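Report on one structure; see the data block that follows.
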Amino acid sequence: FIFNIFPILSWLPQYNIKESLIADVISGITVGVMQIPQGMAYALLANQHAVYGLYSGFFPVLIYSALGTSRHLSMGTNGLTSLMLGASVVSLVPDPILNRNNTSHEWDNVYSQRIMYAAAMSFIVGLLLIAFSLFHLGIVTKLFPRPLISGFIFAASVLTMISQLKTLFGVSVRSYSGPLTSVYVVRDVIIQLTSLNAFGKERTAATVVLSLICIIFLVGVRIINDKYRRHFPLNIPIPGEIIVVIVGTAVSGRVNLKDKFNIIIIGEVPRGLPSPAVPDLSKISSIFGESVAIAILGYVIAVSLSQTFAEKAEYTIKPNQEMFAIGASNLFASFFFCIPCFTAMSRTCVQFESGGKTQLVGFISALLMLLVLLVIGPVFQYIPNACLASIVVVAVWKLLLNARDVKIYWTNQKLDSMLWLATAVSTILLDITLGLIVGICFALLCVVIRSSYVTLRKLRHIDVTNVYRIDGYYKQEVENADVTNDDVTVLQFGAPLNYLNSANLRKGLIKLIGVDPIAEKLRLKDVGSGFKSHCGGRIFFGSVAPLTYRKENLCLVSGCVVTQQRRYVILECSGMTSIDSVAVAVFQKTLSDYKAIDVIILIAACPESVLDTIGDVGGHDVTEVAYLSIGDAIKAAK
């Protein structure tokens, strides 16, 4: 039990210094260098002071490295959850109005209030994930199918771009929350840009030039890394973000961009570590809903990345332990003024590609962050916010390519495409949390729609085998297939049977067998009455067109063909993994209606649990018509 909770007790005593140490040190330094600018940039995205992003690159990383089972997950700030946090806190604590009278004191007051909400949110996220792990509720991740996640990430990328416009242009916009926030922000940015005074024009011009320089440089570095990284020493990419931070800080401090061009800088960065404090739990009611969304979505992304890289490196992770480790990391970090932390895809990719072998990479990157906090942190006070915004924009640019998924989904599965569009559009226009809720509801609606439209398929016998398959899928195998035209028809219902699709089963039988049992009973009843009145004899009603007749009796008075032939239909039910009470009633009624006109439905390969449910709920023993396989049912019919 203890070793499961603390995986470090398993891997650390067996650590191979010769094979892993150098690779882990190189990877740890590389990831730590990335963590510095990303921490500050994503803190800005979360509408927090940059120093809280540096804290978030230290405290949770230590805990996750001891408790996590993934060797490549880079714990720390995450762009998507930072955006969700930022949208929440800015509505609770709006920005001060930007003008010449702004003082650092005003912003310090805003940031000190916002971090209280952020720390409380980290506390809630940690408690929720730990509780989920204790009750093994990782199943909640199944509420997020891939089209939903893809559409949500695209929408979040668009919102990230929009949220950074004011910083990239150096203008001030009003804080909004709720539906159409993105529309209002874009509108306000345009209004601000078209109504600048001399003070504003000077600041905006300088800020735009600085933003363009940073973006062009970062894009160029990313292109070079993508094309030529395999030729770099130790496969380590060029650290474009840290270069922007270092050069931006040096230029800003040397030229004094703040005083000369009114460019906004991040301000004082305190040296050292914060004293621990209990999060303000009185704020929980204001942020609980957003905290639940962040906890679930952050975990879904983190465990997806963990599993992806674990498969590439040929080891296994424990999803439930991952949930516990991420929860414990956030819970611990909440006492040190950290924002909710998960993982960033870019850092995780770099940790894998730079050769990281074990969780020791996390400890090394945390030590580098500790050095920054204790020694060189105050140097970063001169970095312009526009540099950090440029890092954010370039980091999420590739995520906009998720829009290509729409075409793929539309070609293969239109419902998935509609789910993608519903999630993306609702998230952009409504709100991040509301968009996520709309996406989940639409995903569940898609499940209902798919369940409702399951239909019967006719199976074809493969010659000289006992195999039956849907016609038209296996070209080579069915070239010499023996298509049986005798009195046995084989059909397949490949889904759980419930109140939504039970009517489809009956309709499918009517379509493929060619007989509506209710209508046929009424028709044959009328024919039988006439036959009896003319012939005075007993009639055995049988199958009608398109099923084959065998003329055994002919009523010369009525001209009616009467047969005593019995027809069999085999219903392959291996995919019918469950059945509800409504479907049981429909199923039994269908079997009895067809039996009344001498069409006998035999059940093949039906799960025992379904047979038990039919017997328990419907009080009807179906063992007399249930067979182990299609072959057994056909033998019985013949």
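Keep in mind that glycine also has a Cβ here, set from the backbone N, Cα and C atoms.
For 486-637, the entry in TrEMBL reads domain 'STAS'.
Per TrEMBL, the feature transmembrane segment maps to 50-67 (among others).
With a cut-off of 8 Å between Cβ atoms, the residues of this chain six or more beyond the transmembrane segment (79-97) that come close are 42-43, 45-48, 106-107, 110, 113-114, 117-118, 121, 153, 156, 159-160, 163, 172-178, 181, 286-287, 290, 293-294, 297-298, 301, 339-342, 344, 392, 395-396, 431-433. Look at TrEMBL and you will find 79-97 (among others) tagged as transmembrane segment.
Residues or ranges marked as transmembrane segment in TrEMBL: 117-140 (among others). Counting only same-chain residues 6+ beyond the ends of the transmembrane segment (117-140), those with a CB under 8 A from a CB of the stretch are 46, 48, 52, 85, 88-89, 92-93, 279-281, 283-284, 286-288, 290-292, 294-296, 298-299, 303, 319-321, 323-324, 326-335, 337-341.
The feature transmembrane segment is assigned by TrEMBL to 152-173 (among others).
Marked as transmembrane segment by TrEMBL: 205-225 (among others). With a threshold of 8 Å between CB atoms, the same-chain residues lying at least 6 positions outside the transmembrane segment (205-225) that come near it are 167-170, 237-238, 240-241, 243-244, 248, 257, 261-264, 384, 386-387, 389-391, 393-394, 397.
According to TrEMBL, the transmembrane segment annotation covers 232-251 (among others).
Per TrEMBL, the feature transmembrane segment maps to 284-303 (among others). Counting same-chain residues at least six beyond the ends of the transmembrane segment (284-303), those with a Cβ under 8 angstroms from any Cβ of the stretch are 73, 78, 80-81, 84-85, 87-88, 92, 117, 120-121, 123-125, 128-129, 132, 138, 140-141, 143-144, 149, 152, 317, 319, 322-323, 326-327, 340, 342-343, 345, 432-433, 436.
The transmembrane segment annotation in TrEMBL covers 324-346 (among others). Long-range neighbours of the transmembrane segment (324-346) within the same chain, counting only residues 6 or more positions beyond its ends whose Cβ lies under 8 Å from a Cβ of the stretch, are 5, 34, 38, 42-43, 46, 48, 52-53, 55-56, 59-61, 63-64, 67-69, 73-79, 81-82, 85, 115, 118-123, 125-134, 273-274, 276-279, 291, 294-295, 298-299, 301-302, 305, 395.
Feature annotation from TrEMBL assigns transmembrane segment to 358-376 (among others). Here the transmembrane segment (358-376) has Cβ contacts under 8 Å with residues 7-8, 11, 15, 20-21, 24-25, 27-29, 31-33, 35-36, 39, 54-55, 57-58, 61-62, 64-66, 68, 70-72, 74-75, 271-273, 351 of the same chain, all six or more residues outside its ends.
Marked as transmembrane segment by TrEMBL: 383-400 (among others).
Taken from TrEMBL, the feature transmembrane segment applies to 420-449 (among others).
Sequence-distant contacts of the transmembrane segment (50-67) (same chain, six or more residues past either end, CB-CB distance under 8 Å): 5-8, 32, 35-36, 38-44, 73, 75-77, 111, 115, 118, 266, 269-270, 273-274, 321, 324-326, 328-330, 332-333, 336-339, 341, 359-363, 365-366, 369-370, 372-373, 377, 380, 383, 388. With a threshold of 8 Å between CB atoms, the same-chain residues lying at least 6 positions outside the transmembrane segment (152-173) that come near it are 44-45, 79-80, 83-84, 86-87, 95, 97-99, 182, 185-186, 188-189, 192-193, 196, 200, 203-204, 206-208, 211, 262-264, 297, 385-386, 388-390, 392-393, 396-397, 399-400, 402-403, 405, 420, 423-425, 427-428, 432, 435-436, 439. Predicted-model confidence for the domain 'STAS' (486-637) is 74, expressed as mean pLDDT.
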